[in-house]
Amino acid sequence: MKLALGSDHAGVQKKAFVKDWLIRNGHEAVDLGPYSEESCDYPDYARKVAQAVASGEVAQGVLLCGSGVGVSIVANKTKGVRAALAYQPEIASLARQHNNANVICFPARYMNESEIEQCLKNWFEADFEGGRHERRVSKIED
């Protein structure tokens, strides 16, 4: 699967970990920046990832910032994007199963690499359940 990655300065190191993990697990990872830990504005990078997902350039996205909140807010402003803040594995699973989330967001300052890895595993193992959840998700697009 092809995924876009983005972060702010607080998420650069963990974004590199995510990129490596994705590649090791057979995915294509497109890093849309930033590429250094110099202070930057998270909306710029969250918007790039969200637009790549919404346009179909990539199938899904991964975003990181200090709390994960900022990037999730920005991504969710893009039509067709359903970004979920995942801070534990069960939330990552439910984001896919119930919300058909196509962007996963992590709080880089509050999660270690093994916690992020477990969330990614759950994210990829989960499938959208449809049914009553399809009806609910369709109301988001209206």
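Cβ atoms here come from the backbone N, Cα and C positions, even for glycine.
According to TrEMBL, the active site, proton acceptor annotation covers CYS65. Around the Cβ of CYS65 (active site, proton acceptor), the number of neighbouring Cβ atoms within 10 Å comes to 27. In the three-state DSSP classification, CYS65 (active site, proton acceptor) falls within a strand.
Within the same chain, residues at least 6 positions away in sequence whose Cβ sits under 8 Å from that of HIS98 (active site, proton donor) are GLU129, HIS133, ARG136. TrEMBL lists HIS98 with the feature active site, proton donor.
According to DSSP, ASP8 (D-ribulose 5-phosphate binding site) is assigned to coil rather than to any helix or strand. The D-ribulose 5-phosphate binding site annotation in TrEMBL covers ASP8, HIS9, GLY66, SER67, GLY68, VAL69, GLY70, ASN99, ARG109, ARG132, ARG136.
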